[in-house]
Amino acid sequence: MPSGGNGTSNGVANANSTGNAGTSGNVPIYKPYRHLKTLEGHTAAISCVKFSNDGNLLASASVDKTMILWSATNYSLIHRYEGHSSGISDLAWSSDSHYTCSASDDCTLRIWDARSPYECLKVLRGHTNFVFCVNFNPPSNLIVSGSFDETIRIWEVKTGKCVRMIKAHSMPISSVHFNRDGSLIVSASHDGSCKIWDAKEGTCLKTLIDDKSPAVSFAKFSPNGKFILVATLDSTLKLSNYATGKFLKVYTGHTNKVFCITSAFSVTNGKYIVSGSEDNCVYLWDLQARNILQRLEGHTDAVISVSCHPVQNEISSSGNHLDKTIRIWKQDA
């Protein structure tokens, strides 16, 4: 089990620190997160960790070809899903928290029941290379996937059929995400571009970034759908206004030059940007002020994925090959 003191952050903010939120005016004092629990169960790098939308479950996916379902109340292992013949790069939850979908290097996606008997309900075949990223639309009748074959595919959940294939990028696709009403898809790619697509027509509506380098490693819509968080492999996170296409905020201080590390919006208590990092830490920034509020230490390898609990002030993070653990962090009451 990783050490790292007792998991408290002793970098930017510690137990006695308020970050730089201050105490004057109506700005709340920043309350630090502390290490709550370490989950062990995977035998290789954990590529993705995500809380269910109802907050009752946590799912993790790994290079070890399995996905694990955990209780998000006591963090016990509920079920281990097996079936992929290669490592899993990403997972997604349906809006009702009843189903998950996994994206694998075996060129398939699998839809799983998150309820007993935890069966594989569908295998989605069509990609011709590693499937790297996946997401459900809000009604959860469609799934979007991105692959090293440079295409985006949209799948019908009920039938498992591919209903649209978009030749989206000129290099592997690192991220795909629907907006809040399911009308738009944002995609990111190693070709240095980030694009917005009409989900129904499959047409490109806007290109947010079109640089040859650095690679765009992650992109997702904000909860209100007005902004897009974009990560690039020059250790930079940017917040873009979708309507204008302009970048409003830049977040730096973490290390991200190699892996497609996920980031997230934390909105349960204050508005934060949360990201993993290749220096084995989890970083939290104030969304508006852009300053680092806290660095969570404890993992023993790069932090590849982070997820924020939808209701509780909790964060989950997952580690690369040398770590192989999930750490749960809880904010002081």
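Here the Cβ of each residue, glycine as well, is placed from N, Cα and C on the backbone.
These figures come from a predicted structure and were not determined experimentally.
Annotated in Swiss-Prot:
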| type | residues | note |
| --- | --- | --- |
| REPEAT | 1-40 | repeat 'WD 1' |
| REPEAT | 41-80 | repeat 'WD 2' |
| REPEAT | 83-122 | repeat 'WD 3' |
| REPEAT | 126-167 | repeat 'WD 4' |
| REPEAT | 169-207 | repeat 'WD 5' |
| REPEAT | 211-252 | repeat 'WD 6' |
| REPEAT | 253-295 | repeat 'WD 7' |
| REPEAT | 298-333 | repeat 'WD 8' |
Would you kindly list the residues that approach the repeat 'WD 8' (298-333) from elsewhere in its chain, counting only those six or more residues past its ends and only Cβ-Cβ distances under 8 Å?
1-5, 7, 15, 31-40, 42-51, 53-55, 58, 60, 62-63, 70, 72, 75, 258-269, 274-282
Looking at the repeat 'WD 2' (41-80) alone, can you tell me the average pLDDT?
99
